[in-house]
Amino acid sequence: MANNGSSKPLLFLLTGFPGLEHLHPWLAVPISLMYFVALCGNGTILTIIRAESSLHKPMYLFLAMLAVTDVCLVATTLPTVLRLFWFNVRALSFGACATQMFFIHSLSCVESGILLAMAFDRFVAISNPLRYSLVLTGSRIAKTGLLMLLRGVLFVLPTPLLLRLLRYCRANTLSHSFCVHQDVMKLACSDRRVNVIYGLFAVLSTFGIDSLLVLLSYLIIVKTVLNIACGEERLRALDTCVSHLCAVLIFYIPLIGLSIIHRFGERASPLVHILMGFTYVLIPPMLNPIVYSIKTTPIRQSILKRLQSSAL
């Protein structure tokens, strides 16, 4: 229960599907399956890239970083979601909620940065292919991954600390089966302006800049491709970008949708909040490996080769 007038509540209560609590054990089956697909899919991508020396190239190294990030994101929400749906355990301490919130948002920030790096990879590969291996060296790729990790940690770390400064004297029931910043912040009854301003600053400085740079990269890519005389070469160049474009859309559409719901959807059905939350944390990790397995020929061939060898 919330401690009236205290700096933090003793417990938060997570939310499943309101009105369908009696169906939670049944709903846990498809939700668990989605988690399983996400973990197995990203694990397969990592295994293939690690095992195949021909895939030790910048594009696939960035894809491996994306898969690691997705696995960590899935692992962050899996305990509370499955505990809620399988065993109806709703309570979560403030510390556990703040920790989960930190990992969800920092990993999302890391994923956004990796998608930007992958856009730059496609930009260099198409716009200046002769310098591709010179620009994207192994050292620079590793430094880029580390930089994105540090950026995610540094930008998100203040948010749980700022939440501790607020007073919580309203209901302590969250809108999702896990903790996100906007959801926790709405439960506070003290002045939240600092939290709102910093949250907006962090979003614009990370997701906002990343999305604009991704858009700029693709505008230059399209301009470069249009200057290619041969139509077949145009299609081949654009085809190398399809998987990444799908990953960008899969990531940013749920992110924007969840932000809109929290900002303008106070009168929306609780079911909408729940579905958007699951879309945000589950759909990108689940679909990314599927998209890359279907659209990226070397990965698809490697998977088929392994399946055939295991069947023999």
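Using the three backbone atoms N, Cα and C, a Cβ is placed for every residue, glycine included.
Summarising the annotation, TrEMBL assigns transmembrane segment to 26-49, 61-82, 102-125, 146-166, 196-221, 242-265, 271-292. Residues or ranges marked as domain 'G-protein coupled receptors family 1 profile' in TrEMBL: 41-292.
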Using Cβ atoms and a strict cutoff of less than 8 Å, what residues sit near the transmembrane segment (196-221) while being 6 or more residues removed from its termini? 109, 112-113, 115-116, 119-120, 122-123, 126-127, 151-152, 155-156, 158-159, 162, 181-182, 185, 237, 241, 245, 248, 252, 255, 259
Per the Cβ under 8 Å criterion, with at least 6 residues separating them from its ends, the transmembrane segment (26-49) contacts 16-17, 20, 55-56, 60-61, 63-64, 67-68, 70-71, 74-75, 78, 81-82, 85-86, 278, 282, 285-286, 288-290, 292-293, 299, 302-303, 306
Against which stretches of its own chain does the transmembrane segment (102-125) lie, if we need a Cβ under 8 Å and a gap of at least six residues from its ends? 58-59, 62-63, 65-66, 69-70, 72-73, 76-77, 131-132, 135-136, 141, 144-145, 147-149, 151-153, 155-157, 159-160, 178-181, 206-207, 210-211, 213-214, 217-218, 220-221, 240-241, 244, 247-248, 251, 255, 281, 284
Long-range CB partners for the transmembrane segment (146-166) (under 8 A, at least six residues beyond its ends), listed in sequence order, are 7-8, 65, 94, 98-99, 101-102, 105-110, 113-114, 117, 181, 184-185, 188, 190, 192, 194-195, 198-199, 202, 205-206
Across the domain 'G-protein coupled receptors family 1 profile' (41-292) the predicted model averages a pLDDT of 91
